[in-house]
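The block underneath contains the structure these notes are about, expressed in structure tokens.
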């Protein structure tokens, strides 16, 4: 032990003093740690790359489904040029179409001020100019990028059909005028035409059943499905004509009353008929013409359908200028001559006069409605709209009776016919201009539905009176756009890869593990670096 101490003492005492170098070599232990860290880094980096490679292979190997990218909307414009006014409806549908027909919804609507385009007969430029306000609205409602891809179509109905009967040249001029006006806008002009009565009825039927989801509906699985439900008949009561359309199992004996449609991959054969001159406005004119004729074409006439004591004055031309009254028109008369009409408010007499507007005598088929027109027996549910709805609503407001049966319809009509004008005005002040007509129109609907179409105690309760379904107006325009969309090209759709939920969960877990490993490595490496720096002399 002493020798050891002496040797140590000798070393410290007699060792020469040398200057210290600026940097001393690290102790052996520190050198070993750095070497091991370098080795770990060399191992982890390839492992991380290997994991990323495996992950990439998994991404490529995982089963995927092709999903269609959400398509842009396509738009369409329909101008419904009716006898009393013109309405514009803008519809939209995704470019991805169901079995060739676009799934259409109403985007917006606009109603033209003034009368229908037929009222501009003899007024140069009037019909075209009347459309400007609504077409200008369409410019705002439809995205600019879609303007030139948006089809625009005008369909004229019974008002123009009547004008065509009396003045073909003026009819042609008006249709050309509105067509040129539509062409002046940056939409895809598809035409301006006069619809046949059968088309008007059929497209109204399409609208009703589309809105009721009788063709397709959006299921819980996120797909459009065919519900397989029975379709609903359509009853339209316009200003100049009325239409009845429904599916039937009976043979349609007159081919003119048969209409075939293809929608959403299904074919439908319909019975449809349009009665020209049986619309609300023309019925009122025909009833007046009948009364004037029956009372000797004098300048004063009593009206059993007008409220007791209510008096109205109009010109003879307002009654007899209509083609519907051609047979009643006197051979020589002054169209500007005044006619004074005095109401007597008599339900029974009104019923007797209204019934004479129909003809139930001749029928060359196994069964007819009226005027010799074939009609199979009505069956199933029906939706009644346009003036049917407004009359039904008025009867409810004025009498408190919700008409759901033939008996209630007669009861409500009798009640209205017994009211004075002042009593009706108190019930419905917003209907002042039309109050005088509701007795006669109620009785006309009673004759049309019960005696004409032959609805009875069993079938009448299956009629629903409606104006809209959701935010969409009921009429022929939507049905027309649905049919038109089956002829429009859909946009090509992009395909996207969609990974199944189970695979997504697995990938998220792998990403999370990889993230933890990488963060752990970086954190550990940082701590080791700090520890190493603290050991430096």
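Cβ coordinates are placed from backbone N, Cα and C, and glycine is handled just like the others.
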**OP:** Tell me which range among 43-62, 63-82, 83-102 TrEMBL lists as transmembrane segment.
**Re:** 43-62
Subject >> Among ranges 482-502, 503-523, whichever one TrEMBL labels transmembrane segment >> reply: 503-523
Original post:
Taking the centroid of the Cβ atoms of 239, 240, 241, 242, 243 as the ATP site, which other residues of that chain lie with their Cβ within 8 Å of it, listed in sequence order?
Top reply: 83, 157, 158, 197, 200, 236, 237, 238, 274, 275, 276, 278, 279, 280, 282
Original post:
Can you count the other CB atoms that lie within 10 A of the CB of residue 242 (ATP binding site)?
Top reply: 30
Subject >> In three-state DSSP terms, the structure that residue 240 (ATP binding site) belongs to >> reply: coil
Original post:
Can you tell me how far the Cα of residue 240 (ATP binding site) sits from the Cα of residue 200 (active site, proton acceptor), in Å?
Top reply: 12
